[in-house]
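Record features, source TrEMBL:
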DOMAIN    B:232-426  domain 'ABC transmembrane type-1'
TRANSMEM  B:37-58  transmembrane segment
TRANSMEM  B:114-134  transmembrane segment
TRANSMEM  B:188-209  transmembrane segment
TRANSMEM  B:229-255  transmembrane segment
TRANSMEM  B:267-291  transmembrane segment
TRANSMEM  B:303-323  transmembrane segment
TRANSMEM  B:360-383  transmembrane segment
TRANSMEM  B:403-425  transmembrane segment
Amino acid sequence: MKKSVLFGALTTAGLAAGAAQAATLDDVKERGELNCGVVTGLAGFGAPDANGVWEGFDVAVCRAVAAAVLGDPMAVNFVPTTGQTRFTALASGEIDMLARNTTWTFSRDTDLKFDFVGVNYYDGQGFIVPTALGVSSAKDLDGATICIQTGTTTELNLADFFRNNNISYEPVPVETNAEGQQQYLAGACDAYTTDASGLAATRATFENPGDHVILPEIISKEPLGPLVRHGDNEWADIVRWTLNALIAAEEYGVTSANVNELASAPGTNPEVNRLLGTEGELGGMIGLENDWAKNAIAAGGNYGEIFEKNIGENTPIGLARGLNAQWTNGGLIYAPPFR
Amino acid sequence: MSDTHSQTVPFVRETMIPQAEPPVGNRGVILWMRENLFSGWFNIITTLISLYVIWWALSHTMPWVFRGIWNASSLTECRAIRDATLPEGTSAACWAVLTDRWQQLLFGFYPRELYWRPVLSLVIFLVAIAPVLFPRVPRGALLFTAVSPFVMFWLLWGGTAWFPISIGLGFVLGWAAWRALAPMAGTLVASIVAVALPIVYWLYTAGPLARELEQVIPFRMEYVSSQDFGGFMLSFIIGIAGIILSLPLGILLALGRQSDLFIINKISVGFIEIIRGVPLIVWLFTASLLLNYFLPPGTNFDLMLRVIIMVTLFAAAYIAEVVRGGLAALPKGQYEGADSLGLSYWQSMRLIILPQALKISIPGIVNTFIGLFKDTTLVVFIGLLDPIGLSNAIRASTEWNGIYWELFVFIGLLFFICCFSMSRYSLYLEKKLQRGHN
C-alpha cells in the first residue's frame, strides 16, 4: 500500500518535471560527474582493477569526455550495464553516454533513437580452433560443432555465413564469454566464435596459446563506438569531437607526454594549435573551455596510446592495429579536420 | 543332594564372570560397518561403488585445492610458479586471485578505509536480531532492534545522520497519531491517519527537515553511493532487507487473503498471484528498465532500492502462501475458541492464531528465505556487481583473465555457510517450539 502511493506520487511528480528537461551538458556540469555506461567486465575494454578503478579501451573514452567537459578524468561515475540493460539505461537518462563495445547498426541508430558518435574500434567476428584440428579456413568447418553466445548478433552472422557457403554446423549455445572459453577448452566444441578482439583476448589466457589458431576469415563487420541519446545534438557533438580529438592527436603526434608543452604556446602546425586551443575558439563552439581537447588527451593519451596501453601488442591481449590503424597507415581510423 | 552333585561334577563356578565385551567383529565400528555398510551382497556392492566414487572425486580435486598457489599477482605468474615448483602436468588452484581480490568479492568498491562501517553494521544486525531469535535475551533489547535499521542505514551509506533520524520520526509520528486518535475517533480513522500522516511527512517534510537540522547541527560522515556497493555486502544487504521486510508484509497478505472484507481479500489475492506468477528475473528487469520510463527523467531512484523493493514484494508473496498454509492447518476450534473468549480480531491473531500458525510455517518460511538469499545473485543480469558479477569483472582484468573455478569455489563456499546456518537455526527453532501436541 505504502509503496504504491509512493510510486504514484513519484509518477505524478515525473509528469510535471518531464517537460523541463535540461541539456545533458548542463546536467553533467551541475552534477560534477559524468555518468558513463560501461561493460560489467570485458578484458581490455573495461574492467575494475584491484582498487576498484575502472580501466580499459572503452573506459578511456569516458575519461576523455569527463576530462574535456569537467577537466577531471576521474570525475566519472561508471555504471556497469549488461547487453540487456545498456540501451534502456541510456534511453532513460540514467547514463549520459554509453561506451560499451556496442556495434553500430542501422536499427540501433534509427529505431532505438540513439546517435553513434563514431567508431573507436573496428571489430569483426572470427573463429578459433585447436591447431590439432588441421583446419586452415573457416570454410573447412563443415559439420563442426561451434560454441556460440546466444542472443547476440554473432549467432545470426554465423548462420548467414554457413548458409552462404552451403556447409553445415552444429551450434553449442553458451551464455557468456567465460563459459565459452571453458566449453571450448573442455572440448565441448571444435571451434569457438566471437568478435576477433575477444578471441585474441581469450587465446592469450590459454595455458598453451600456440595450440590454438585464429582462422583468417572475418565473417562480419562490427564497428564499435560510443553512443548518446537522440535529440541532444550539442552533447552528441561534444562526445563525437572528443573522440575525434583523440584520433587527430595521434595523427599529429600529440601525446600525453608532450601535450602540455604543445598547448603552452602556439606551435608551427595550425591544426594542432586549433586542436589544443592555442589558436581559434573551437572550445567555445561546443560550449567548453578552450583547453578541452588538451585535457582529453592528457587524460589517457591519444588514440594510439590508449590502444597500446589497453589492448595493443605489448598487452596480454596483443591486438595488432590492423583496421584500427590511422588512415595514413592504411587503417580506417580517420578524424575530420579541426577547423 | 548337594553332595551328589559335588561328586559328579568336577568344577562348579560359584561367582559370575565379569561381563566381557562382545567379540571384535560384533562391536564398535566394525559392527556398525557390518550392519550399515556390508549387510548383504547388494549393500556391499553399493558401498564399494560409493567409496570408489568418493575417492575418485576427492583424489581429483583435493590435490588441486591443497597444491594451490596463494602468492602471485596474475594468472600467468601463478602458472609460472606452478611450473617451477611442481612436476610437469600437475594442476594446481590459483588461490592468489582471492588474496588479490577478496576485498572486492566481499565489499565491492566500498572505500577501503571505511570497511569498518559495513562490518560494524553486520555486528549491529547480529546483536539486533538476538532478542528476536533467542528468548533468553532481555526484552528491553527490542528497543535497540527497532532503532538498529536506521543506524545500519547511516553506517552503510553515510551522509548526514539527520536523514535516517527524520525518516524514523515518521514512524514515531504514525504511532503517536494512533495513540492519540484511537480512543476518541475509533480504530478505522486512527489507522488511516496513522498510515497517511507519516507518508505525507516523508514526502514533503522529512527531506527539508533533515537539511535544516544538518545546517544547525552538522552531524555527518563520508557519503558512499550505492554504485560502490558490491560483492557479498550487496547480497547481504538485499537479502537481509528483503527478509526483514517481507516477513511482516507476507503475514499481512496471508491474513488479507483469509479476510472476509471483499476489497482487502481481492487485493491480497491479486497481489500474491500476480507477483508469484511471474519469474523474479522479470521483476528485476521491471525494476531496472521499465521503472526508468515511468520515473521522471533525471530522478535517480536508486537502483539498489528498487531491487530491494522488488525482492521484498516477491518474497512477501511466497511468505504469504506459506503462512496461509500454517493458518489453514490450525483446527477450526482455535479460531472459535479465540472468538468465544471475546478477543478482537487483532488480539486473537496476535495471541492465539499467529503464534501457532507461524510455528507450523517455520520450515517453509526459512526455506523461502534461503531461496531469497540465493536469488540475490540474479541481480547480475541487471548490471549490479554482486559476487557473480564481480567474478566476471575480475576475470575481465588482464591479470586474472582465464581463471574460473577458484572464484566460484569461494563464492559457493560463502553462500553455503550462510544458507547452512539459516537452516540450522530453523532446526533449533523447530525443536525449541516443539510442544508435543501437534
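Placement of Cβ uses the backbone N, Cα and C atoms for every residue, glycine included.
Below 8 angstroms of C-beta separation, residues 162-163, 166-167, 169-171, 173-175, 177-178, 181-182 of the same chain, each at least six residues beyond the ends of the transmembrane segment (B:188-209), sit close to that stretch.
Using a Cβ-Cβ cut-off under 8 Å and counting only residues 6 or more beyond its ends in the same chain, the transmembrane segment (B:403-425) has close neighbours at 68, 75, 93-95, 97-98, 105, 133, 232, 366, 369-370, 373-374, 387-388, 391, 394-395. Against the transmembrane segment (B:114-134), stretch B:229-255 shows more Cβ pairs under 8 Å than any other of B:229-255, B:267-291, B:303-323, B:360-383.
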